[in-house]
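J.: Below you will find the structure I want to go over with you.
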There are 2 protein chains.
Amino acid sequence: MVNIRLSVNKRIISTTVLFWRENQTYIADLCRSFAMGPKRKSEEGNGTPKKAKVCADIPDVTKIDFSCEAKTKDGKKWNMKFSSWNINGIRAWCEKNGHSYITAESPDILCLQETKCEKNKIPRDVEIEGYHRYWLSGDKEGYSGTGLYSKVKPIEVKYGLGIEKHDKEGRVITAEYEKFYMVTAYVPNAGRGLPRLGYRHDEWDPDFTAYLKELDKKKPVIMCGDLNVAHKEIDLANPKSNKKSAGFTPEEREGMTNLLSEGFVDSFRELYPEEKGAYSFWTFMGNARAKNVGWRLDYFIISERLKPNLCDNVIRKDVFGSDHCPITLFMNL
Amino acid sequence: MVNIRLSVNKRIISTTVLFWRENQTYIADLCRSFAMGPKRKSEEGNGTPKKAKVCADIPDVTKIDFSCEAKTKDGKKWNMKFSSWNINGIRAWCEKNGHSYITAESPDILCLQETKCEKNKIPRDVEIEGYHRYWLSGDKEGYSGTGLYSKVKPIEVKYGLGIEKHDKEGRVITAEYEKFYMVTAYVPNAGRGLPRLGYRHDEWDPDFTAYLKELDKKKPVIMCGDLNVAHKEIDLANPKSNKKSAGFTPEEREGMTNLLSEGFVDSFRELYPEEKGAYSFWTFMGNARAKNVGWRLDYFIISERLKPNLCDNVIRKDVFGSDHCPITLFMNL
DNA sequence: CGTGCGAAG
DNA sequence: CTTCACACG
């Protein structure tokens, strides 16, 4: 059995599971439909090379079981679902049908990082019915950028930290709800050769932590996103060889420890303190994802006083479309 | 019937013609072979998305009839075959198996333009047995560049015009043979908004023409390449709307007229003075090639005294792999 | 529309 | 290895 996604001239025309032997006719149809071009007659143009992309072994997101029976420690069932995903370019993600995940998972709030796209260039296909959408991009074209989908309209949405030096890269969106603040962040990567480690450790980390502390004074905080750090050795496949790599330097790990010491909880590690091999990012290089040579860089960080409301935190490692996979938090609020 | 070329992870695994109905089993095999990944076990990595590119409606170059019975005016059969092709990036061209054209056509000399590649980055796959290869690239990475394949080793190969201001972009290769000079050129494009029209008309065109005249004093010249001009209205699909477009300005057309007035012949137009719709370039935009909305930008220009040796000049419009197609000249020499 | 590049991850 | 931007065509 193998999964195939077929797109012609960048338009996905089929996603399906093929069982060999039984499906030769089906495969022929699939190929014919692609070879003849997209359905719209106007686009035909006989004789032109039509380029199709086929991806094999991509699980169909609509067939994944996203149900969850998790409860709080005192037995209350979850009533709010949050998801977070670094999508590595919303335009590429959209072409790969990444947004079909939204309907399949159907979270109350979905946070996206690395949209790499200005608001007015965001493809229309990502407008999913039933969600309000909020987008933030920075000064640099095609770099960074975050987004937030919400079933319920937030009381207020704020962009950035309110600190100029941090707010040029479209990294933080804060949405205020009745009972909590939702914050999504795409934390600055220290970079190859660690050129931005100083900025990250000395400027960003303290200011971002202070920002969350400030919010936490008013309402409990649910913060999520790509924090660009694997906190402990258990959070990446190769801790030994990565002590000087962006995402696992002592400085970055310390920043995360500091954050947690200020009254916040890493919800995944809280629930699964011993779980190994739980990663949310795999480099595209060297087939890392297939070998699960990954990093846990994506988190739901919650205010300590939300611990009694915590039901579950799941890593959706079977969802493709980016070098990160989505993560989902279940809460009773 | 449809032509399919299938490559997995950038490695072409199959090029074939599919006849619907008869070939369902074959298609199934094709898909299985791709879905299971390339043959080499070491590359496998189960569970990873494998990306395949499929191109439909690409004629198989090995099935094209390149034979030619043409003779000179006084009835002598051709004994030398020359081809020229602007390949729009030798690396992309190679991935598309563009070089299979060389074996299929088997010209004595093949000239390439727009290789867009430094000598040491040229893929090994283009090393075709039986040919000497000569490469020229300019200062700017991934820009311009020319190449020459020759079955017979030339007496001498020279690069550029010997004029510094013209020789930084890898545009001209001259190969001296016993009976003639072979010159291939990628003439500077005037550019969108015609920023380089002045350079092209006032500097390049006169110097290049003078260069050819100089060679012509010693031996007859066969010059070919992308001259980046459609000479007359008959040489492009939309002359009316392109009078101010690069490639059809009065200045560029005049440059070509000047060249021909200095004792050179446009071999194609010499043979087919009335033939319309004979183009060698089609923009990728708007399905231009399928509609034959093209330009004749590629030429074999020969010394007037070679006219008695001219057998034929054919435009290989069924050969894909670039936004230009190859052209082939048959001579009795 | 498609090439190659370079920055970034 | 993949994204996007940009230059160039």
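Keep in mind that glycine also has a Cβ here, set from the backbone N, Cα and C atoms.
Just so you know, TrEMBL annotations never went through curation; they're auto-generated.
According to TrEMBL:
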ACT_SITE  A:Tyr186  active site
ACT_SITE  A:Asp226  active site, proton donor/acceptor
DOMAIN    A:84-324  domain 'Endonuclease/exonuclease/phosphatase'
SITE      A:Asn228  site 'Transition state stabilizer'
SITE      A:Asp298  site 'Important for catalytic activity'
SITE      A:His324  site 'Interaction with DNA substrate'
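Help me picture these features in the structure, burial and contacts included.
T.: According to DSSP, A:Tyr186 (active site) is assigned to a strand segment. Sequence-distant neighbours of A:Tyr186 (active site) (same chain, 6+ apart, CB under 8 A from its CB) are A:Asn86, A:Gln113, A:Glu114, A:Ser144, A:Gly145, A:Thr146, A:Gly170, A:Arg171, A:Val172, A:Gly225, A:Asp226, A:Asn228.
With a 10 A radius on its CB, A:Asp226 (active site, proton donor/acceptor) counts 29 other CB atoms from all the protein chains.
Neighbour count (other Cβ atoms within 10 Å of the Cβ, all protein chains): 25 for A:Asn228 (site 'Transition state stabilizer').
In the structure as shown, the Cβ atom of A:Asp298 (site 'Important for catalytic activity') sits within 10 Å of 24 other Cβ atoms.
Secondary structure from DSSP puts A:His324 (site 'Interaction with DNA substrate') in a beta strand. In sequence order, A:Trp85, A:Asn86, A:Ile87, A:Asn88, A:Asp226, A:Ser280, A:Phe281, A:Leu297, A:Asp298 make up the list of same-chain residues 6 or more apart from A:His324 (site 'Interaction with DNA substrate') whose Cβ falls under 8 Å from its Cβ.
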J.: On average, what pLDDT score does this prediction assign to the domain 'Endonuclease/exonuclease/phosphatase' (A:84-324)?
T.: 95
J.: Tell me, by DSSP, whether A:Asn228 (site 'Transition state stabilizer') is helix, strand or coil?
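T.: DSSP assigns A:Asn228 (site 'Transition state stabilizer') to coil.
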